[in-house]
Amino acid sequence: MAFLDQHPGLGFPAAAGLGLLIGSFLNVVILRLPKRMEWQWRRDAREILELPDIYEPPPPGIVVEPSHDPVTGDKLKWWENIPLFSWLMLRGKSRYSGKPISIQYPLVELLTSILCVASVWRFGFGWQGFGAIVLSCFLVAMSGIDLRHKLLPDQLTLPLMWLGLVGSMDNLYMPAKPALLGAAVGYVSLWTVWWLFKQLTGKEGMGHGDFKLLAALGAWCGLKGILPIILISSLVGAVLGSIWLFAKGRDRATPIPFGPYLAIAGWVVFFWGNDLVDGYLRFAGLR
């Protein structure tokens, strides 16, 4: 770690390359985890309802199963799995079917690479930098899944929360107390908004996964990060959500996933939360 800190000319390219590899794996998580969950839900539903057991082959696993063409099912060659560059070499089209390859693949890989470089630039090549990479990767995966399926899996939100709490036990970013309070207040704050909205309208304004994601971000950003995360995510959500509705020609009743906006706000607050608070206090004349 010290070697990379002393030689950033090697460390930053290494972080960028690592980010591309992780981004390729995150694409697999984004595509396959919801399918595995839906398959398990159907099995559980048949068991609970005491319906006849119907054999349904499980979807491809996340780690073991090799990558394949999403249209034809052909196993990909090794060079077709090279992150980002394979998409460029294939000019965004499948070699087997000729159909376009989703822009999601290179975007997720490139974004993850940029976030990994930003993590080590901000926190260095030690454990803090590693933790920032872990947080960034979880947020990318959850945002991708929420955008596609309007779902924030417990398989991602809860481990992220526990990782933040475990890190606080070693005072990685903060002591344990503000991390615990951040997780608790993060969950309760959005749950309260959800409950009040449901009482007033009879509708659910957000999913329970949003509560858990904010709890996870509270474990990483601490209690003082909750309010900035809520404010930033609400602002970003209002602006980008309105643009998306206008571009798609949808009405205001169309549900919009809130997870990506929480992820953006949480990432910003985690990286620059103290600077944001200090800047606001100086602007308000309170410091």
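Using N, Cα and C of the backbone, Cβ positions are placed for all residues, glycine too.
Long-range contacts of the transmembrane segment (10-30) within the same chain: residues 4, 62, 67, 81, 83-84, 104-105, 108-117, 119-121, 125, 133, 137, 140-141, 144-145, 148, each at least 6 residues beyond the stretch ends and with a Cβ under 8 Å from a Cβ of the stretch. What Swiss-Prot records for 10-30 (among others) is transmembrane segment, and it gives sequence analysis as the kind of evidence.
Summarising the annotation, Swiss-Prot assigns transmembrane segment to 101-121 (among others) and lists sequence analysis as the type of evidence.
Under the heading transmembrane segment, Swiss-Prot lists 125-145 (among others), citing sequence analysis as support.
For the transmembrane segment (177-197), the list of distant contacts is 161, 164-165, 167-168, 203-206, 208, 210-212, 214-226, 229-230: same-chain residues at least six beyond its ends, Cβ to Cβ under 8 Å. Residues annotated as transmembrane segment in Swiss-Prot, with sequence analysis given as evidence: 177-197 (among others).
Sequence annotations record features per position, and here Swiss-Prot assigns transmembrane segment to 226-246 (among others). Away from its own ends, the transmembrane segment (226-246) comes close to residues 182, 185-186, 189-190, 214, 217-218, 252, 254, 256, 258, 261-262, 264-266, 268-269, 273, 276-277 of its chain (Cβ-Cβ under 8 Å, at least six residues beyond either end).
What Swiss-Prot lists as transmembrane segment is 253-273 (among others), and the listing cites sequence analysis.
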